[in-house]
Amino acid sequence: MIIRSPEPEVKILVDRDPVKTSFEEWAKPGHFSRTIAKGPETTTWIWNLHADAHDFDSHTSDLEEISRKVFSAHFGQLSIIFLWLSGMYFHGARFSNYEAWLSDPTHIGPSAQVVWPIVGQEILNGDVGGGFRGIQITSGFFQLWRASGITSELQLYCTAIGALIFAALMLFAGWFHYHKAAPKLAWFQDVESMLNHHLAGLLGLGSLSWAGHQVHVSLPINQFLNAGVDPKEIPLPHEFILNRDLLAQLYPSFSEGATPFFTLNWSKYAEFLTFRGGLDPVTGGLWLTDIAHHHLAIAILFLIAGHMYRTNWGIGHGLKDILEAHKGPFTGQGHKGLYEILTTSWHAQLSLNLAMLGSLTIIVAHHMYSMPPYPYLATDYGTQLSLFTHHMWIGGFLIVGAAAHAAIFMVRDYDPTTRYNDLLDRVLRHRDAIISHLNWVCIFLGFHSFGLYIHNDTMSALGRPQDMFSDTAIQLQPVFAQWIQNTHALAPGGTAPGATASTSLTWGGVDLVAVGGKVALLPIPLGTADFLVHHIHAFTIHVTVLILLKGVLFARSSRLIPDKANLGFRFPCDGPGRGGTCQVSAWDHVFLGLFWMYNAISVVIFHFSWKMQSDVWGSISDQGVVTHITGGNFAQSSITINGWLRDFLWAQASQVIQSYGSSLSAYGLFFLGAHFVWAFSLMFLFSGRGYWQELIESIVWAHNKLKVAPATQPRALSIVQGRAVGVTHYLLGGIATTWAFFLARIIAVG
């Protein structure tokens, strides 16, 4: 750490009134581009309008102006998020059975949407229990609200109104910080101050205030709810905050106030800041006292982290110094120059953030079921399945986005003249070795993982079960995974003597938590079937990475097209007269990567859905006998491709296929419609541009004949536009089909 003289006083870092507010200008389509603003000559214009509206790089090359537009757009995004949240809370207040659910969460399903009786649609209002008819929701909001300490629909109303006010505030902020007081470029590039505010402010104080809310509001209210007190009898949140005696009745140490904190007698607080591990047997969720403790600890960590960097005082780390000191024996100049890249290329910065956030989202998916954080979440199987699936898809998209913006950085922002022998340059210089090795790994994984299944299908078809890879014949036990499970199951005794259970029941042991006769969670056994499908996961992930990484590393040049950087991020081919150079742009790699991301995530959510129904979810009798939804058939059925088709896809599709005439029939219609959307995509993906141009010209001829031809000349989609429309419908259709299949199934049987 270097101690320097204090920086001069804070500089004025905003420009006043830089851009005038003009509705006339905004009303003109394409005002951001000289070409598009001229108006349409052909139908390609509308596509270009959509493609470039948010591509701020194409509007101007001034980094300050681009930064301001992005900053302003972020406020717009936040405004939409607040609006959406407000809508969720409003539905909870106006159209839901939240108060009824709160009184009996094990027998009443959550619903916050009641369909109006138009053309018989009221059939969709199923009986969710407690005399309420509506659509069962699987978003997890009810469980979240209970954990927050919300006990009435009035409180939801107030929160909804609050969110609306914040939405308006964000909208105003977006306008204000672009048109009235726009930050200068230096402000966007002051990374130490940004770290200070984001770490200590957002994450540190954010976690601290949430921990405070949990201790003072959520914990006492949930304690009353768990004891069966009528929500209307429970004191209101502000009463707990203002009246310490109320809390002291539940947690005696509250009467001592902050004295134990300042006298370092912290164990006094162990009543409400616990370290138990495992799940609360009443609700099937993590102990809320553990969660409060966790947020307090996280707050302390981030408050410290936010004060490690040098801002206006001459003390602390400088990020540039840290990066430039980061050299290894084989990495040349190391991270020299990375600071400049990340403060002048927002694509590079965004790429890193998307990769991190995407990975984190997938980690969230895996923790939501293995450590269910909210009360009564674990026994709401529809919500569990939805949360897992949702976070897996989102994570997949974010990671593909990371590759997309890394490639855009390479094409638009990378300057090879100033980058020599740093880490990125060295990676680019041995990119052939990286990609060819990765390709070999993909071929190996593909043939071996798939080969194990094909072997099993063949042996099964020939009636030779004793020669199959299975837990009852040739075993391929996942020994490393089992070792990790076992280590974690035994951990509390050694690493955390105060904890009564391990972090998650899934690790192993004998504990089982059931709530209201339904299994919340139990140890998840791993066997040959998991070993096989795990290698399919490895295969699909590596292929996705191969495609995306090749797109990034060869974004500027390749042996085939040495001057690729001049052609831009997306282009159909390297001009006429150069055959075999189509579909090589960085954009095309993102396009292809999306399909493999879809493959990868599909296998993961199928694995999860079947494994949980087979080995975890189910009912428990008074004698303690567990009956799983599909009776533990995963271990023997999923070891053949035929088993996946017959016992998972076909057997579990019966609910969605037979949903007509029931309250689940909307899922049947979506299942059909989404298949159609998916099939529609193939028309764009399997067809050439010339075919459509010929067809269009015949149609234009007919219009001319009838004198109804439009002034704007119709054009076939370009190759890139066609592929964009194709992949969009492919993913939308595929995801919506899966959604309908999963939900109809799990709402019917769960």
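All residue numbers here begin at 1 and follow the chain in the order shown.
Just so it is clear, glycine is given a Cβ too, placed from its N, Cα and C backbone atoms.
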State the residue range annotated as transmembrane segment by Swiss-Prot; the candidates are 195-219, 245-269, 495-519.
195-219
Under 8 Å, at least three CB pairs between the transmembrane segment (346-369) and the transmembrane segment (291-309) (pairs 6 or more apart)?
no
Mark yes when the transmembrane segment (70-93) and the transmembrane segment (156-179) have three or more Cβ pairs under 8 Å (sequence separation 6 or more) and no when they do not.
yes
Just the number: how many Å between the Cα atoms of C573 ([4Fe-4S] cluster binding site) and W692 (phylloquinone binding site)?
19
So if I exclude everything within five residues of the ends of the transmembrane segment (385-411), which remaining residues of that chain have a CB under 8 angstroms from its CBs? That is, six or more out.
138-140, 341, 345, 347-348, 350-355, 357-362, 364-366, 368-369, 544, 548-549, 551-552, 555-556, 565, 568-569, 586-587, 589-590, 593-594, 597-598, 600-601, 604-605, 608-609, 612, 735, 738-739, 742-743, 746, 750
Among Y691, W692, which are binding-site residues, the residue with the most C-beta atoms within 10 angstroms of its C-beta:
W692
Which sequence positions outside the transmembrane segment (433-455), separated from its termini by at least 6 residues, show Cβ-Cβ distances below 8 Å to it?
427, 468-469, 476, 532, 535-536, 538-539, 542-543, 545-546, 549-550, 553-554, 639-641
Using C-alpha positions only, work out which of the binding-site residues C582, M683, Y691, W692 is nearest to H675 (chlorophyll a' binding site).
M683
Should anything in the same chain at least six residues away from the transmembrane segment (531-549) have a Cβ under 8 Å from its Cβ atoms, list it; otherwise answer none.
399-400, 403, 434-435, 438-439, 441-442, 445-446, 448-450, 452-453, 456, 469, 476-478, 481, 589-590, 592-593, 596-597, 599-600, 603-604, 607, 638-639
Take the C-alpha atoms of W692 (phylloquinone binding site) and M683 (chlorophyll a binding site) and report the distance between them in angstrom, rounded.
11
Could you tally the C-beta atoms, other than its own, that fall within 10 angstroms of the C-beta of M683 (chlorophyll a binding site)?
13
